[in-house]
């Protein structure tokens, strides 16, 4: 036996900044809310229409902002066009750079088709700039058949599968970071993404004053399911690797046993996840509790989804690979840290507010030929959105 | 025979076989995360390095000369000598272990296929380089390298790494670290030339040579002679240097620029 002390060793910084967490968080919210919008919007199930409208707002806003965070994580953001000048089919990141615009385009097109009837209706009102902008956004009086919306929706769903695959495997193939190098990571990203997506819809259901009981009920049911799936994936990951000498689980156990920070993170994550699953399970059957607590649970769900990504992407980078101990990482105040995190959240809020201002998203329709009752922006209140689906031709 | 040595022998066997089979690397139509074809460089050569740890005194002359030659920013290193104090717990005897680190110019480099714009690539002579005009600074390669051989250069905002001083090799000079090594511990050369010094040394010490983290299947081409197996992976060590705190409770001493 001998005691080894490190005397000279360089300090290695982290290479991916909190921007990466913001991207993985937003893009996961984006694809999960797209799937949550699908029953109402793409399949035309009326009971899901209110949820679909909120989900579509969540999906479009996160889809628009996520690439900004991704771009910001590049050290040379202005060279982003190199991705398209030098296509590299063997790199997951390059594949992602082609998938992302396709996905973004499909989502925006889907939302546009769903919002057009309401936009056209608003453009006919005499509401000054709002009508004028609605007219520009609607881009003519023509009508798209419902099949086009369903087709674009199906395309967006397929593209979202590509996004799930690439965001997961981009990280999971990195052998240099044993904690990432597991096939259980991609499904875990998706499962926690669905948790976050349900959370975001629960929160939006409250803060947009829609407060639809169906949405609370549906989201809590899916939230419970996603928690169970997440738990199973985590358990399988653990059992799969607990006896291995090296690998993802061994690296995690090493980190938890060696570092107080990792221990507290594991405890915090465990408590947050456990609390979320328990509360969601307890509250899912009581409409009164759902109404009172749904949005708080939504915030907790968002916290779980965000924190999982923070731990995976940031904390794992502090595990030293060639030296003892852990690298020091403190979130900087500037654009590489706190300002970036807050800035992206602010950008998302701006996107939501702009959409809310200029798009009658509460009247989104699964049928582009529908003729909804037009509402002026100031009239988009609780009562208006409680009316549910527009007339269905 | 222990597994590490067995792996290494397998690698060496593969290396010598690979020398005759250059198209092996030129696998076109690569699958996702497969090695792309190599480009540029002299296909008749395969550079590698052998580091004779018995000759290394940990003077960091290589670290300094590399830093000057390649103008890395303060705090970032293309090569560095890790130093450990090893105390035998029974006798209390203390020895120092020196471990020069640099890019391993792996035969199966994990940093290359991840690059989304092909800015980092392996030349036909085995040297892994970065085209800093093309690099977008996504830092994917920095995370992909298990050896911490890469960093984002804060001046160029692109990935930076050891190139075996390719610019010097092409001019008929030795890399800065080799040139400045006082003990002659670093030997670089063409492993496809059976008469080169490195080929002769590899032949002579085949049984003793070790590489870093052989279990990752990266097939490193920097070979260590006089290596202790415990240091081929992340060392089980005390991070002694970081315990030095100043009056205000902050670390003092070994910190650059950040």
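Note: Cβ is positioned from N, Cα and C throughout, glycine not excepted.
Proximity of distant same-chain residues to the transmembrane segment (A:20-42), defined by a Cβ-Cβ separation under 8 Å and at least 6 residues beyond the stretch ends, is recorded for 48-53, 55-56, 58-59, 62-63, 65-67, 69-70, 73, 103, 107, 110, 114, 149-150, 153-154, 156-157, 160, 163-164, 167, 189-190, 192-194, 196-198, 200-201, 219, 222, 305-306, 309-310, 313-314, 340-341, 344, 348, 364, 366. The feature transmembrane segment is assigned by TrEMBL to A:20-42 (among others).
Taken from TrEMBL, the feature transmembrane segment applies to A:54-72 (among others).
Only residues 6 or more beyond the boundaries of the transmembrane segment (A:92-115), in the same chain, are considered here, and those with a CB under 8 A from a CB of the stretch are 30-31, 34, 41, 56, 59-60, 63-64, 67, 70, 83-84, 137, 144, 148-149, 152-153, 155-156, 159-160, 162-163, 166-167, 169-170, 173, 359-361, 363-366, 368. If you look up TrEMBL, you'll see A:92-115 (among others) marked as transmembrane segment.
For A:147-169 (among others), the entry in TrEMBL reads transmembrane segment.
The transmembrane segment annotation in TrEMBL covers A:189-207 (among others).
Under the heading transmembrane segment, TrEMBL lists A:219-239 (among others).
Feature annotation from TrEMBL assigns transmembrane segment to A:259-282 (among others).
Among the features that TrEMBL reports, transmembrane segment is placed at A:294-313 (among others). When Cβ-Cβ distances below 8 Å are used as the criterion, the transmembrane segment (A:294-313) is approached by residues 16, 18, 20-21, 24-25, 28-29, 171, 179-180, 185, 188-189, 192-193, 195-203, 205-207, 216, 219-220, 223, 265, 268-269, 272-273, 275-276, 279-280, 283 of the same chain, each at least six residues removed from its ends.
Counting residues 6+ beyond its ends, the transmembrane segment (A:333-359) has Cβ neighbours under 8 Å at 17-19, 21-22, 26, 57, 60-62, 64-65, 68-69, 72, 115, 118-119, 130, 133-134, 137, 208, 377 in the same chain. Sequence annotations record features per position, and here TrEMBL assigns transmembrane segment to A:333-359 (among others).
Residues or ranges marked as region 'Disordered' by TrEMBL: A:369-393.
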Positions whose Cβ lies under 8 angstroms from the transmembrane segment (A:219-239), at least six residues beyond its ends: 36, 51, 182, 184, 187-188, 191-192, 194-195, 198-199, 201-202, 205, 248-249, 273, 276-277, 280-281, 283-284, 290, 294, 297-298, 301
Same-chain residues near the transmembrane segment (A:147-169), Cβ under 8 Å, at least 6 residues beyond its ends: 24, 27-28, 30-31, 34-35, 38, 41-42, 92-93, 95-96, 99-100, 102-103, 106-107, 109-110, 113-114, 185-187, 189-190, 193, 366-368
For the transmembrane segment (A:189-207), distant same-chain residues with Cβ under 8 A (at least six beyond the ends): 24-25, 28-29, 31-33, 35-36, 51, 54-55, 57-58, 62, 164, 167-168, 171, 215-216, 219-220, 222-223, 226-227, 229-230, 233, 276, 294-295, 297-302, 304-306, 308-309
